[in-house]
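To keep things clear, I will list the structure first and then write my remarks on it.
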Amino acid sequence: MRQGYLWAAFCLWALTFPLLQASSDGLVRIGLKKWRLDYNRIRAARMARRAKSIGGVVKSMYQGLGDSDGESVLLRNYMDAQYYGEIGIGTPPQNFTVVFDTGSANLWVPSTKCHFSIACLFHSKYNSRLSTTYIDLGKEGEIHYGSGSISGVFSQDNVQVGSMAIKNQVFIEATREASLVFVLGKFDGILGLGFEEIVVGNATPVWYNLLRQGLVQEDIFSFWLNRDPQATDGGEIVFGGVDKRHFKGQHTYASITQKGYWQFEMGEFLIGYQSTGFCEAGCAAIVDSGTSLIAGPTAIVTEINHAIGAEGIVSQECKEVVSQYGNMIWDLLISRVQPDAVCSQIGLCNFNGSQIERSGSSYCPRIKTVVEEEDARGTKVGNEVWCTACEMTVIWIQNQLKQRKTKEIIFSYVTELCQSLPSPMGESVVDCGRVPYMPDVTFTIADKHFTLTPKEYVLKTGEGITTVCLSGFIALDVPPPRGPLWILGDIFMGVYHTVFDYGNLQVGFAEAMQ
């Protein structure tokens with residue numbers, strides 16, 4: 001049973017911070033290490049990356065963007081679920097690992113003033129007293145995410161990105177990180193690369209300061225994400241240019257239709273090269289390096305997952321509860337134990353007499369913090385799956401017992417019910433053995449097809465009997481006027497090298513080198 005991941009994270013967490021290295025091609029590269037990811041951490045990473053608030057004319061052209069003359073930052077690949085690199089803040093620089101996120105615009109890192117958030121205990125923290133260039137701005141700020149929030153104080157200091165030294169950059173010292181996903185995330189903070197229209201607190205984004213201070217040669221940046229989790233480098237972001245070694249052929253460009261996110265218009269979507277009828281008249285889409293997977297409207301993602309035989313993760317957990325705890329639940333109900341106390345007695349929920357409190361593990365004590373009490377919603381998503389599955393199983397078995405059905409019939413019926421459960425966070429698992437037989441999926445951008453094979457849109461973790469394969473598609477319904485909306489995250493960007501052309505307000509895609 002996949003439990004106890006929070007406790008394990010507390011006990012085993014370790015971060016290392018590599019040193020700057022100069023390369024022979026004139027680029028300053030940051031050496032980065034990898035860290036293996038298990039199933040639960042993939043789920044947490046996906047929650048962190050997709051849980052942000054979501055707030056034309058398309059043409060294809062080739063632009064000679066030059067050789068790799070820009071500043072590059074190597075990225076770390078966290079099992080295809082997190083890509084992050086290192087920056088420095090202050091004088092002398094204090095190092096932090098950050099997600100370079102095109103879906104937000106602020107820079108924030110944990111602060112030494114953060115005393116009551118578990119996430120701060122396990123990540124590097126900015127100490128303003130150690131920096132000779134620190135300026136206290138005396139203003140508070142808060143950023144809300146779908147799975148939690150961060151809050152803190154606005155400060156100003158110098159920021160080092162590769163060999164580029166940004167003067168007087170405004171950022172948030174996070175004094176509170178109210179979400180479990182920040183505990184499990186391998187990154188310390190987030191460096192937003194979205195447009196200033198979505199910045200919080202009127203701070204000038206890092207990218208804008210790079211331009212205004214003349215630190216980049218061209219007003220573009222590009223992403224290459226290495227999809228091989230065993231490779232030394234997780235990828236590279238190049239500021240002010242592109243590295244031609246990272247892609248094949250020419251980029252296809254789509255114009256930005258709405259500033260804020262890197263939003264453009266997408267055409268028809270195909271499954272197995274067959275039209276779905278969705279997006280024939282065009283759909284809004286954003287390319288977001290801060291989202292692990294590909295998110296889209298429920299109607300079409302349901303079609304995709306049906307075509308690939310995907311099954312909601314809640315369904316999987318539900319069936320495991322029936323398999324591993326079914327007999328115990330049966331015995332407790334037969335013994336006339338109060339139904340809403342059954343799951344607490346087997347350790348999947350905590351029962352306080354009148355209500356059930358979610359618990360993520362039956363093998364470690366419940367750990368309460370100020371953050372949990374102040375923002376229970378931030379931890380509820382990560383902890384409730386097993387408890388919820390158990391509660392539903394108890395209800396179903398209890399109802400069938402009232403009808404005097406046999407144990408065999410009841411367990412068969414409950415397993416069938418598990419099969420049809422939706423997943424609250426949109427995740428779906430697939431049969432790893434079926435991956436070679438799944439259909440390709442195709443996005444149409446600027447009248448050109450961009451295809452993903454099953455091997456490219458399925459995340460695989462674990463080895464042997466512990467192997468789990470996850471669908472790269474999640475359902476996310478964004479209401480008007482922003483939606484309906486597609487979010488093309490790291491799964492798409494890993495296959496297609498992506499250029500963010502700020503000067504011409506467009507994004508470009510070309511086949512990535514692997």
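First residue shown is number 1, and so on along the chain.
Yeah, the Cβs are placed from backbone N, Cα and C, and that goes for glycine too.
In TrEMBL, annotation is done automatically, which means it is predicted and not curated.
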Candidate in C279, C318 joined to C283 through a disulfide, as TrEMBL lists it: C279
Distance from C283 (disulfide bond) back to C114 (disulfide bond), taken between C-alpha atoms, in Å: 42
Rounded Cα separation (Å) that holds between D288 (active site) and C120 (disulfide bond): 25
Tertiary neighbours of C120 (disulfide bond) (same chain, Cβ under 8 Å, six or more apart): P110, S111, C114, A174, E177
The domain 'Saposin B-type' (313-353) - residue tally per DSSP class, helix then strand then coil: 29 helix, 3 strand, 9 coil
Same chain, 6+ residues apart, C-beta under 8 Å of the C-beta of C279 (disulfide bond), given in sequence order: M266, G267, E268, F269, T444
For C283 (disulfide bond), the number of other Cβ atoms found within 10 Å of its own Cβ: 22
